[in-house]
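Only one structure is covered here, and it is reproduced in the block below.
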Amino acid sequence: MTFPLYCAEPARRDTARHLAERFGLEPVRQRPEAGYWLELGPERLELVTTGRHGAVYAEFVEGAARHRREQGGGRGQPVAKAIGLKGARVLPRVVDATAGLGGDSFVLASLGCTVILLERSPVAAALLYDALERARVHPDTVEIAARMTLVHDDAIRWLAETATRPAAERPEVVFVDPMFPDTDKKSAAAKKGMQAFQQVIGDDLDSAALLACALEAATVRVVVKRPLRGPAIEGVRPSAVLEGKSTRFDLYVIRALRPAGAADAP
């Protein structure tokens, strides 16, 4: 079943047609009266609904993205520490295996990493594509967006294929932020927009298989982002855990990144 795409801006019908073809969406002539749909307006693409949930969209230029870009804390940010950037001489190539709305990918790209954003959901992939297109034409984000590549594919399939390549062609780091069923009612009530996004995208029930493929594909480490008190993914135990205020990062270390100041091998 394809997901509906409504174009609310007549001047952008060509863009809507391109989105529909690229991500397998179903163009509709009238705004739906129930359920969820993607809506292309004059400014951006949004996931909307007739219910109480707010619109959901990916954003790399304004809002929280601007704040994190200008005042985010550099390599001292938790996700940067988890990836291994603090003290690293060579910035890793990162694959975000569950890109979602791309927030963590954007932070890593803003710090200089090249990032491949894997997203199997056509809805999330379309939202990411729209955000990247806007970021590529804004002077504040054009260089960051150039380090971000969107791949609309199943992460398990993509990582399994990547694992067969020579080490030089594989990512140093694979980042995984799986969606699990949200049992925290207060959290769900406070984040209605993201609750709607999760309902459309669905939970990641194949996380154990994804972790196994990530460990085969990465050459340096795999990083799994989890709620602070959430369960670890079944299977291999983490090498280390980095805890924050509301989230934690489970680290599966294969080898260390080259530290700053390290001499090149002869």
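Glycine is treated like the rest: Cβ placed from N, Cα and C.
Keep in mind that TrEMBL annotations are predicted by a computer and have not been checked by a curator.
Feature annotations, courtesy of TrEMBL:
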type	residues	note
BINDING	GLU119, ARG120, ASP177	S-adenosyl-L-methionine binding site
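Location within the structure of each feature annotated in TrEMBL.
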residue	record	Cβ neighbours (10 Å)
GLU119	S-adenosyl-L-methionine binding site	28
ARG120	S-adenosyl-L-methionine binding site	20
ASP177	S-adenosyl-L-methionine binding site	20
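Following the DSSP three-state reduction, the secondary structure of ARG120 (S-adenosyl-L-methionine binding site) is coil.
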